[in-house]
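The block underneath contains the structure these notes are about, expressed in structure tokens.
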There are 2 protein chains.
Amino acid sequence: MMRVLRRLLIGKPLHNRELAHEKLPKWKALSIFSSDALSSVAYGPEQIMLALVAVPSLVAYGFMGPVAIGILSLLAIVVLSYVQVAKANPEGGGAYTVAKKNLGKMPALVAAGSVFADYVLTAAVSVSAGTAAIVSAFPALAGREVTIDVLVLFAILMLINLRGVRESSNAFVIPTYAFLFGIIILIVIGIWKSVTAPYLLPPESLARQQLDWAMLFVILRAFANGCSSMTGVEAIADSVPMFRKPEARNAAITTYWMAGILGFMFLGITYLVMHYHILPIAEVTAMSQLAEEIFGRSAAYYYIQITTMLVLYLAGNTAYNGLPVLLSIVAKDGYMPRYLATRGERLTFSNGIILLTVAAALLIIVFQGNTEHLISLYAIGVFISFTIAQSSMVVHWNRERGKGWQVRALLNGIGATTTGLVVLIITITKFLYGAWIILLFIPIMIYIFTAIRGHYNSIADQLHLPEECYEKGAATFPEGKHIVIVPVSTTTRVVYETIKYAKMIGDNILAVHVSNNEETTKKVVEKWKLWDPGIELIVIRSPYRLLMRPLLHFIEKKEREKGPDDYITVIIPEFETRKSWHRILHNQTGWFLRNTLIWRENVIVTTVPYHLKE
Amino acid sequence: MMRVLRRLLIGKPLHNRELAHEKLPKWKALSIFSSDALSSVAYGPEQIMLALVAVPSLVAYGFMGPVAIGILSLLAIVVLSYVQVAKANPEGGGAYTVAKKNLGKMPALVAAGSVFADYVLTAAVSVSAGTAAIVSAFPALAGREVTIDVLVLFAILMLINLRGVRESSNAFVIPTYAFLFGIIILIVIGIWKSVTAPYLLPPESLARQQLDWAMLFVILRAFANGCSSMTGVEAIADSVPMFRKPEARNAAITTYWMAGILGFMFLGITYLVMHYHILPIAEVTAMSQLAEEIFGRSAAYYYIQITTMLVLYLAGNTAYNGLPVLLSIVAKDGYMPRYLATRGERLTFSNGIILLTVAAALLIIVFQGNTEHLISLYAIGVFISFTIAQSSMVVHWNRERGKGWQVRALLNGIGATTTGLVVLIITITKFLYGAWIILLFIPIMIYIFTAIRGHYNSIADQLHLPEECYEKGAATFPEGKHIVIVPVSTTTRVVYETIKYAKMIGDNILAVHVSNNEETTKKVVEKWKLWDPGIELIVIRSPYRLLMRPLLHFIEKKEREKGPDDYITVIIPEFETRKSWHRILHNQTGWFLRNTLIWRENVIVTTVPYHLKE
């Protein structure tokens, strides 16, 4: 049953040789690797607005423009820095790999921890933002957001990724371009209308506020919120080997394209949000308000909402492309459980996929699918990994000292400093809003990473066969005695089978009967004599009617007497009932005995299976 | 930890010779065996009243007297019949034993099923009635009845009975006599007051109603309710061996005494309930209203309530004396799981005690501790077992044909007919009020009884060693080959230990390596050659990266090839991690393999335990 269901949902196992390595043209790569970055315009401008309108009487709303400009400049710096990363790492690999190569173990683990958090949040934020887009269009769905989110995670993203899909599939290309097309039209028409139509009552005065410290704090928090738009920018640089030749150059060009589109859309949406004075409404996104303002509830409005949803779910999927691979790299280095490093039946890293789904679903459930709260956690992890990656590049250029290395080092140095500063800004302005969770999570992950690595190292040492074993060849095994103990309650077919097997595996057999009833014992001893299997039956009296303890005492005594190369095997005569409910009708002494003895180092427990027919 | 707690609560194990057989004087036996019957006056009259006042405008209330008289006559018949049972069964034993001896298997099982229900209900009804008594006195406890009931069951009755107590303990004697004393004083003073005080407005007219069919039905239901007062009457007859010599005579005398006291109290309370026009009040018992009416809220009132509570909890305890013993008898006959038949560490039938506690607690929780609803289920099981016991006696006398057997048979015949009639009345008048539950429960229990017996019989047949084995003596065992399979992932200390053990138990050893990665396999094969343990390493390729399936296929192939007397042993090299959380860091192939192979008849699975030190 389970197997049929599994086949149906996941598909049949794939052969090793089916692991494909495909090369992507730029136009495909753009859509595939940028869905995360580009889709963030669906929530980024809204986040800036939310931070600013939180101030009483909306005094800070007018600062939206400057904040957007600040974020655009930051985007330019980050993109330029990442083009360097792409050029220097044609083999791909994210912040963890780059940091391990250039900065050493600790920064690499910090990067791993923050990227781990980042990917889980990408899945959680994108899926819940996608759901928010569709709920805005169809208010009847309101209140069921968490259910929809969890369904999308488990029934769509997890299953698709467990099956394994070619990243080059058109299913990933079309929604991104459809989304781009819609948003660009929206911006163009929106701006056209804003220019031609009579100007909406402009609360100009609002932006003319005194800039004091409290206001600066609010503006910085708006900036920190807006940084969530920049998550996913690193995706192209991490995937250089997927590009057609010349890989690094094509990746760089694609990155510029992506940054240009992202910048245009971000600026456009922000301008429109300001122009139309979009303010937060429960269960309706800013994008939805904007689209309604510009298109009315027309087909165009629904087009925007549906493509937004699709591209956001697709963005959630990028976490599935990234995290399982990262986990497998970290697991190969011994910092995560080994089974995260092996490909499953369908050549996907199934354990990592399941881990990601469960973690993202938990986040969504805990935060009740509230995009705003999730985004509070989001940017800090991303910018920590940005900072580490850029710093690694500085070390890298300094080490290589190729042509023009100073310029490159300077570029990455500026990138590292800026993103480091952003980490600081986010930490300060968003500490109580969730940043503390990530700042707590990263050290915990580092502790787990090192604990796991320590355990694997210790295991390897303990299991290692000493070198001399290999040197001398023809391994020798010391000779020892073999004592076989068979507990006997009465003479049955099971005991017959057990004694037969015992005679096969050893010469020194002890049949032991624990007596808690004189009469029964007398009968058993008589039967044993009649049957005469050639082994003496040792009787242990148990006046307290216990069965296990006297037997354990007997075995312990034998353990103390045995030599270091002797073995004691206890064979428990047991039968398997045909129906599992039958088992409750029999006492579980055998089961208890096995589970007690299995913890002893010097005793081997086994059972000769005897299956009842009826 | 668990063991210390257990010692503290239950006490240390007891030696077989500590099983005591004490003989009781009549005055002690009366209090010990009658607490169930006598305490039922605390709810019996109230039940009659409840059935009658359910009719609109209280028209039926005046029929309380006639109903009580009917119940008293029934009591007389049942008592006379049970004195016969006591005389004929000096070895004791309840309806089940008597029916098995005289009527055969089916009636005995019906009796066992109904007595089972009866005992569980005795515990549930008595405990919740006891709690109702104390809640009436201390209204602050209202709303916590179910919690109190469950606490009394688990923390008092179960623990005391798991420890094991001498039934002769004065702890059981004092409350019963204290209760008797209090109730008799209550009745005497109440009657005195009723005679001397001015008569309370007598709604005489109420009782002068036309007796139509609907009314008859109500009266019969009141009668059925009142029959709950008669539960526990059989206790003395079931326990004849506990009496001093001449046992049967002393038991008979005690039964008369008990019946006399019960009759007097029942009549007295019923009279007073009628006289003082006691009507149902939520969370206050009729007894409590009565005591308050007669004594006011004086010390005497609290005395009545507290002794009532004590005697009812004690009545609950009689189920603990009865059911585990009954279950042990039924289990010895193979109708219940065998472990119900063996005495635990403290010589008590611990499994039966736990079963009873859980069942009674479930009943109380399902019925929310509502005494009235529980009592609806109560009487029918009791009267079924009465009927079966009396019918058995008719057969018994007819078989024995001793002096005056006709009179005795007639007496029991009248008993059987009357109680059978009562079963009919209860079934009809209380069917929808819960009787159907018991009438469904009994056939289900019979099905379970026979299924268990059938299973045990079939097992015994299958496990039986053929007679000829005993006849010829000096058992012979056919010679066979022994194939030992050791799955090897790489050469480690665990594999070393496993191969060492394998060499000890067999000559035909197959080391098998499943390869899901060419490079690793090459290394393993090289190391194996260097180490050279004298066994060839068989390599199985697994292009689908599965480990279990190729190995299972290999084992299955060996299974098909082997002769009927050959054995295949699979030794799984596995290590035990020192901390249990470490286990999640390792793949569970060994565990899966063991759990898959354990179901195969022809393969023995074992593990040489290797415990990691760190």
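Using N, Cα and C of the backbone, Cβ positions are placed for all residues, glycine too.
Annotations in TrEMBL come from automatic prediction, not curation.
Annotation comment: TrEMBL describes A:58-83 (among others) as transmembrane segment.
As annotated by TrEMBL, transmembrane segment applies to A:109-135 (among others).
The transmembrane segment annotation in TrEMBL covers A:141-160 (among others). Residues 9-10, 123-124, 127-128, 130-132, 134-135, 283, 313, 316-317, 320, 353-354, 357, 360-361, 364-365, 368-369 of the same chain, all 6+ positions outside the transmembrane segment (A:141-160), place their C-beta atoms under 8 angstroms from a C-beta of that stretch.
Panel annotation: around the transmembrane segment (A:172-193), residues 28, 30-32, 34-35, 38-39, 41, 261, 264-265, 268-269, 271-272, 275-276, 290-291, 293-295, 300, 303-304, 307-308, 310-311, 314, 317 of the same chain, lying at least six beyond its termini, place a Cβ under 8 Å from a Cβ of the stretch. For A:172-193 (among others), the entry in TrEMBL reads transmembrane segment.
Sequence annotations record features per position, and here TrEMBL assigns transmembrane segment to A:213-236 (among others).
Outside the transmembrane segment (A:256-279), and at least 6 residues removed from its termini, the chain residues within Cβ reach (under 8 Å) are 26, 30, 33-34, 37-38, 40-41, 44-46, 48-49, 53, 58, 61, 64-65, 68, 71-72, 75-76, 79, 83, 180, 183-184, 186-187, 190-191, 194, 200, 203, 229, 233, 236, 286-287, 289-290, 293-294. Feature annotation from TrEMBL assigns transmembrane segment to A:256-279 (among others).
Annotation source TrEMBL lists transmembrane segment at A:299-327 (among others). Through the fold, the transmembrane segment (A:299-327) approaches residues 33, 35-36, 38-40, 42, 94, 96, 112, 115-116, 119-120, 122-123, 126-127, 129-131, 133-134, 136-137, 152-153, 156-157, 160-161, 167, 172, 175-176, 178-179, 182-183, 185-186, 232, 235, 238, 287-288, 291-292, 336, 340-341, 348-349, 351-353, 355-356, 360 of its own chain, all at least 6 residues removed from its boundaries and within a Cβ separation under 8 Å.
Taking Cβ pairs closer than 8 Å, the transmembrane segment (A:348-369) reaches residues 119-121, 123-124, 127-128, 131, 145-146, 149-150, 153-154, 157-158, 161-164, 316, 319-320, 323-325, 327-328, 337, 339-342 in its own chain, all 6 or more past its ends. Taken from TrEMBL, the feature transmembrane segment applies to A:348-369 (among others).
The transmembrane segment annotation in TrEMBL covers A:375-397 (among others).
Per TrEMBL, the feature transmembrane segment maps to A:409-428 (among others). With a cut-off of 8 Å between Cβ atoms, the residues of this chain six or more beyond the transmembrane segment (A:409-428) that come close are 74, 77-78, 80-82, 84-85, 220, 223-224, 227, 379-380, 383-384, 386-387, 390-391, 393-394, 397-398, 435, 439.
Annotated transmembrane segment per TrEMBL: A:434-452 (among others), in sequence order.
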* To do: Sort out for me which stretch, of A:58-83, A:109-135, A:375-397, A:434-452, has the most Cβ pairs below 8 angstroms to the transmembrane segment (A:213-236).
  => A:58-83
* Asked: Can we call the transmembrane segment (A:434-452) and the transmembrane segment (A:109-135) in contact, meaning three or more C-beta pairs below 8 angstroms at a sequence separation of 6+?
  -> yes
* Close approaches to the transmembrane segment (A:58-83) from elsewhere in its chain (Cβ under 8 angstroms; 6 or more beyond its ends) -> 44-45, 48-49, 52, 203-204, 206-209, 215, 218-219, 222-223, 226-227, 229-230, 233-234, 236-237, 251-252, 255-256, 258-259, 262-263, 266-267, 270-271, 273-274, 277, 279, 386, 389-390, 393, 411-412, 414-416, 418-419, 422
